[in-house]
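Q: Input: one structure, supplied below.
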Amino acid sequence: MQTAYWVMLMMMVCITAPLPEGGKPNSGIRGLVPNDLTPQHTLRSLISRRQTDVLLDATLLTTPAPEQRLFCFWKSCWPRPYPWRRRDLNGKR
């Protein structure tokens, strides 16, 4: 999914990036990329998450009680519902 995102992003940048007078394509694209994502980290970012995501996960894992951890999906986080399963079923369907 991330690879498709980057291909689409680079196609859009190549089409829409304004070039300054006598500038190179890299100078126009450089302003559109986040500060922590350099060309050296582009390939690594395709297979791993960005540092800010890892820091968020590290803070969530240090939460003392499992029921107090946040549930994150598509960068939206909210408290986990409690309980995840009904207690009256006792493992039966």
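Cβ from N, Cα, C; glycine included.
These figures come from a predicted structure and were not determined experimentally.
Among the features that Swiss-Prot reports, disulfide bond is placed at CYS72-CYS77. Taken from Swiss-Prot, the feature D-tryptophan applies to TRP74. According to Swiss-Prot, the signal peptide annotation covers 1-22.
What does the local environment look like for each feature on the list?
A: The DSSP secondary structure for CYS72 (disulfide bond) is strand.
In this chain, none of the residues that are 6 or more apart from TRP74 (D-tryptophan) has a CB less than 8 Å from its CB.
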